[in-house]
Ligand SMILES: Cc1cc2nc3c(=O)[nH]c(=O)nc-3n(C[C@H](O)[C@H](O)[C@H](O)COP(=O)(O)O)c2cc1C
């Protein structure tokens, strides 16, 4: 867990939509990561989820409409103190009604007044029946809210509680949290940068059912892509076959063989500012592939000929434009730093991340990593921690050495 995802002050506004039942789970996860949460509920919201459930999870009073103009708390003005306290104001679910209030700056409710009073980013998650969402009035209010600086996240498509199928669903908890982390990211130094990240293994087929590959899980590349997205980048992830879900917000391109990865990288990298090659690409492929499954047929021994795959990093290095940054990964089992340094120079890279795959808690499939980063500028650094922490550290180095 990256440090900045903890101890944040999250103000949560819940309005009267059926998907309000999902919010206690969001609160519970935020609490698990030691965040501080205050909740404001509209009167209608309390018909869908109880203030008591939320107070139990936050460990605090849940703010209701009747608290707005109440003299119960003496000097405290809830809409101002909550607005000032918040680092982010998330409204989920946001009803069509709340979006209208946002668009017109209506302040007759605690939730509406707090939206006007806060200087924190306001993230609105609309959720409603598809026809309500598509209605020109709602669409106009969404557009107006966006123009006022609110971050409006369009609802997802799927089965809706009202029985319809289509756009209107509140995104799942993981997506809400990912968007929150991007909004709260302490660094936004990759805004406007187009970044290509490769990840995962490749597969080289001998026949339709057999291939050679490697145990790369894709986790490191995913962490590099995800953290770049948090920092504001426009990220494309070119990924070999893996079983983990791609990071939210990132465009993904699926490939299987090294040749497919080569073609995709060369096509995409033309317009990229930074190319990070974190995939474990097979160096060799079968010289001959069979259309039909190879049968045993009592051969006793089978000899196959392998031929070299194209070298993607070397090709990107050769074609590199002025100002483009190429970052490579080197998975090594011997003389890790020496081998990485020689790759850096040979392939015209700007930075290489050397990974000792024989070390414990490092490399393939692991959730943690321990790497040596070598820059062509001469800087050498060690990074270790979760793959997300290592990825965050890599972007810090890219920023310091090549972007500032
Ligand atoms: C069963 C039920 C489910 C509802 N679900 C939604 C919904 O998902 N989204 C929405 O915008 N309105 C929904 N509404 C309508 C809102 O509850 C209604 O517009 C209310 O006035 C909103 O108040 P609020 O915005 O102050 O919370 C629903 C109403 C009912 C009765």
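Residue positions begin at 1 at the first shown residue.
Cβ atoms here come from the backbone N, Cα and C positions, even for glycine.
According to TrEMBL, the feature active site, proton donor maps to 162. As annotated by TrEMBL, CTP binding site applies to 283, 293, 329, 343, 347. Look at TrEMBL and you will find 9-145 tagged as domain 'Flavoprotein'. Here TrEMBL flags 191-399 as domain 'DNA/pantothenate metabolism flavoprotein C-terminal'. Summarising the annotation, TrEMBL assigns region 'Phosphopantothenoylcysteine decarboxylase' to 1-194. The annotation region 'Phosphopantothenate--cysteine ligase' is assigned in TrEMBL to 195-404.
When the alpha carbons of residue 293 (CTP binding site) and residue 162 (active site, proton donor) are compared, the span between them is 50 angstrom. Spacing of residue 347 (CTP binding site) relative to residue 162 (active site, proton donor) is 57 Å (Cα to Cα, whole number). Between residue 283 (CTP binding site) and residue 162 (active site, proton donor), the C-alpha separation comes to 53 Å.
For the binding-site residues listed here (293, 343, 347), the lowest count of other CB atoms within 10 A around the CB belongs to 293. Residue density at residue 329 (CTP binding site): 27 other Cβ atoms are found within 10 A of its Cβ, drawing on all protein chains shown. For the domain 'Flavoprotein' (9-145), the DSSP-based tally of helix, strand and coil residues reads 70 helix, 26 strand, 41 coil. Mapped onto three states, the DSSP output places residue 329 (CTP binding site) in strand.
Cα of residue 343 (CTP binding site) to Cα of residue 162 (active site, proton donor): a distance of 58 Å. Sequence-distant neighbours of the residue listed as 'active site, proton donor': residues of the same chain at least 6 apart with a C-beta under 8 Å from its C-beta are 18, 129.
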